[in-house]
Amino acid sequence: MSTLTEIPLTPAALSDAPTALQIKLRKRARFNAFVRYALLTIVGFIMIYPLLWLIGASFKTNGEMFSSAWFWPRNPTVQGYVDGWQTSTPYTFATFFLNSMQIAIPKVIGTAISSTLVAYGFARFDFPGKKILFAILIATLLLPDVVTRIPQYLLFRELGWLDTYLPLFVPQWFAWEAFFVFMLVQFLRAIPREMEEAARVDGANTLQTLIFIVVPMLMPALVSVCLFQFMWTMNDFLGPLIYISTVEKYPISLALKLSIDATEAFNWNQILAMTVLALTPSLVVFFLAQKSFIEGISTGGTKG
Amino acid sequence: MAELQLRSVEKTYGNGFKAVHGINLDVKEGEFMVLVGPSGCAKSTTLRMIAGLETISCGEVRIGDQIVNDLVPGKRGIAMVFQNYALYPHMKVHRNLSFGLRLRGASRQTIQSSTDTVSGILEIEELLDRLPKQLSGGQAQRVALGRALIKQPEVFLFDEPLSNLDAKLRASMRVRITDLHKRLRDEGRPATVVYVTHDQVEAMTMGDRICVMKDGHIMQVADPVTLYERPANAFVAGFIGMPEMNLVDAVLTRQDGVPSLTVEGQTIAIPDGLGKRIVGPDGPVRLGIRPQHLDLVAPDTPGAFTGTVANVEFMGHESNLYLRVGEADFVAVTPAEARFGQPARGDRIGLRPQGQKLHLFTAGDNGGNISLGTQHLQGGNDDNAYHSRTRAHDNSAGDDKLGRGTPHELVGR
């Protein structure tokens, strides 16, 4: 058998100088790459520009705000942040941040626990009516949110939960978000059952199997669930608007609106500064959990 | 360690499909029992019923003196090794090993000493701090074995544990597992093992006894030698052995008490010893002869089948010779030394069965062996010490519904 070194080299391979065809191909490849990257850079810049402008404008003075569409401030100032933090109410923005967390944290924890329990049930156990129940669950995905607002409001009013955070997170303790349940069910289906069976043979009961074996394997999907829920909660405007009436209890989303309502001449730099701050928790959480998040949303992600 | 008994065990699924048809099986204390059969023969289902991972529709499973039908897997005193290892991916090896012990609330000291012992036996000490994804296939399988071993169970269950390994590693793991079984027996801690595989080489090399299954029925339970030399029926005969046993339709006739066989118009006499062992009336039968038991002879030799060579496969140490006799096909294994002057495709040659090695089965795919003799009725006619030693085991085979599970039943019908 001949080795590679024994294979006679072609004349073209022997000479160092590239042929005309090779030069042409190389030039074309370079040009193509240049066009590709240029186009992507331009489109990418256009897409991210509003965010850049938001951050840039939060350091502008109010007068400079609409004088130029360029994001870079001429005279950068943090006055927007200082004034914005104070707000036009007796409370600082710290209060509103805390309020948001009081909703987001129990909501995220409740969603993670309840969705996992329900998804585990649907993915791993057979029980009478399973197919119908799952179909109903999926059907609720198609139900517009707004349809349930009024009955929910009436219900929570009867329970005396108005102007409390309870209506904003208690439903999530009962696997209210069908989307998350569906996502976790799909993820669970991709995980082989042998690990759970091995745990059962090792003596684990159903709950122990769930906690010690399934949940760790489900972690990427769970991180995605938590992340989505956190971001959605931080961004939720309608929910707090309906149920929260006391300014002291306002979350960030309402507080931002408050600063627009409060004054006739809007202090845009304050509003933008606070918007940047409002975005920060979601961004921080996202970048912390980015690796798991990507793994989680690209379902099927466990090795056999 | 304990013995394992299956009594009329059935499995019927929700859609009415019956996977296991009332099987009976006894696995003695410290015995290595292999369940073998083609895909879909319910060998894994049977194992999973023993483990408690599958419910038992009917019958009972007994481990030691306890009926375990209604016990959860963790309470049955079993340990299982899965085909794809099923190691917990988020736990390091030492935690994988000790998971069961920790659940049972074992002390830290016990866990430590057990982990040390098991990792020593399986030579996985240096892997203890690795995650399963950092292990090779063979290493992962050893860890899976360790996880079973550390529990010191009554019965070990293996579900095709070597299927995911490459051929070389499979061979070495095979030796490792059998060595381990022997070692435990020598140390006075015999391990009762039920091992599922579809690979007959694994079955033949590892099992003290082998249970051959088909379509949810037990075909035969016997030690490897008996299974090979005295298959209870045509299915077992065809399943065990490489290349497969030749099974062709034939007609059995007796003239003046001398039996002969006719295949495709060619008649051969049946030697005396074998002739006396044949039970059953004259008529259509299936002739079974292993490829290794056919001798190459000149065409039209008395006592040989003459036909045309359809193909010759040179395998290195031997050749497979395919002979067409009318509508019947024969394969013969001929030694490689004989390849010079060996027939070529299209040649006319004769193949003579080594008389005493012939098997006769009743007609049909699962026809019972009618050439084992009436002495088998009394529990075996073997003068072979090995057979005698395992004879008691052989009687435990059973498939009452079909009545074809044991030679005993076959002849009795």
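Every residue gets a Cβ built from N, Cα and C, even glycine.
A Cβ distance under 8 Å defines the sequence-distant neighbours of the transmembrane segment (A:34-55), meaning residues of its chain 6+ beyond its ends; these are 69, 71, 272, 275-276. Here TrEMBL flags A:34-55 (among others) as transmembrane segment.
The domain 'ABC transmembrane type-1' annotation in TrEMBL covers A:97-289.
What TrEMBL lists as transmembrane segment is A:103-123 (among others). Within the same chain, residues 130, 133-134, 137, 165, 168-170, 172-177, 180-181, 184-185, 187-189, 210, 214-215, 218, 222, 225-226, 229-230, 233-234, 240, 251 sit at least 6 positions outside the transmembrane segment (A:103-123) and bring their C-beta atoms closer than 8 Å to a C-beta of that stretch.
Listed as Cβ neighbours of the transmembrane segment (A:132-150) (distance under 8 Å, sequence separation of 6 or more from its ends, same chain) are residues 118, 122, 178-179, 181-182, 185, 238, 242. Under the heading transmembrane segment, TrEMBL lists A:132-150 (among others).
The transmembrane segment annotation in TrEMBL covers A:170-188 (among others). Residues 106-107, 110-111, 113-120, 122-124, 134, 137-138, 140-141, 152, 161, 214, 218, 220-222, 224-225, 228-229, 296, 299-301 of the same chain lie 6 or more positions beyond the ends of the transmembrane segment (A:170-188) yet place their CB under 8 Å from a CB of it.
If you look up TrEMBL, you'll see A:209-232 (among others) marked as transmembrane segment.
Look at TrEMBL and you will find A:271-289 (among others) tagged as transmembrane segment. With a cut-off of 8 Å between Cβ atoms, the residues of this chain six or more beyond the transmembrane segment (A:271-289) that come close are 54-55, 57-59, 78, 80-81, 84-85, 93, 97, 100, 223, 226-227, 230-231, 234-235, 252-253, 255-256, 259-260.
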